[in-house]
Amino acid sequence: MKTGTWRVKTGFARMLKGGVVMDVTNVEQAQIAEDAGAVAVMVLEKVPADIRAAGGVARMCDPAKIEEIMDHVTIPVMAKCRIGHVAEAQVLEAIGVDMIDESEVLTPADEEHHINKWEFEVPFVCGARNLGEALRRIAEGAAMIRTKGEAGTGNVAEAVRHMRIIRREISELTRLDKEELYGKAKEYGVPFDLVAEVASLGRLPVVNFAAGGIATPADAALMMQLGADGIFVGSGIFKSDRPQEMAEAIVEATAYYDDPEVVAEVSKNLGDEVAMRGLEISEIPEEERMQLRGE
């Protein structure tokens, strides 16, 4: 089968369905993630909570660090590039990452344009707050969508809101006639065929993971119950006091999200003193909210 085709890209993304992708910053963390059952790791210089705290410009991770992690784990390795930064994406593809996240967690390089992801053989994942954003990213070639949430906060509320918005807007599409779907395609700025496909399927044509503020096993179970195909965990694991236990618990809760007894068991001894502290969304100034980057 030819590499880099839409079928291959989306097929790879579907292989991760039901799993947890964990943010890591070094080999030790990557090995913890792999041992805990993560389906992939996302390599960055700092986890989102530290990016938020440090301020300044957040860029692609050092390629040497990514390659080092690739040499030490057997699961897929992803990495983030800045929104619109084609050269960073080219570097990541050149070193052989398995997927690129064109991410609002990093400082956008282009305030008006995202990367044309069709020009790459490596699959991309992108964030979305609503159906319009999701469809625009898919039209650009994204093989996976994730909620934006509000990364680095340990607060799942925005991820919940974004997942509910996307589900509601998809449900509304399924009730529209052809002329109304043409109107929606124009409103969203995407091809009619893509809107019609979503209306017919009753879901996105790619997998839709939850991300942004997931900090506990119960958070992961909640997002799966809301229809997520899988989970991205950023700061929630390695900002906790017991990373290994938290990683294993979130993997278990994601797999058995519909079994409260399992979620309860893996959540034991992972209370506020263990989970990351978290931020209240309303206390974050609008200009510091990562989710507002890249509409």
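Yeah, the Cβs are placed from backbone N, Cα and C, and that goes for glycine too.
Note that the coordinates shown come from a computational prediction; the quantities given were computed from them, not determined experimentally.
Residues ASP23, GLY152, GLY234, SER235 are recorded by Swiss-Prot as D-ribose 5-phosphate binders, and the candidate that the same record lists for that site, out of GLY127, GLY183, GLY213, is GLY213. In this entry, D-ribose 5-phosphate is bound by ASP23, GLY152, GLY213, GLY234, SER235, whose most widely separated C-alpha atoms sit 12 angstrom apart. Cα-Cα distance from LYS80 (active site, schiff-base intermediate with D-ribose 5-phosphate) to GLY152 (D-ribose 5-phosphate binding site): 15 Å (rounded to the nearest whole number). In the three-state DSSP assignment, the secondary structure recorded for SER235 (D-ribose 5-phosphate binding site) is helix.
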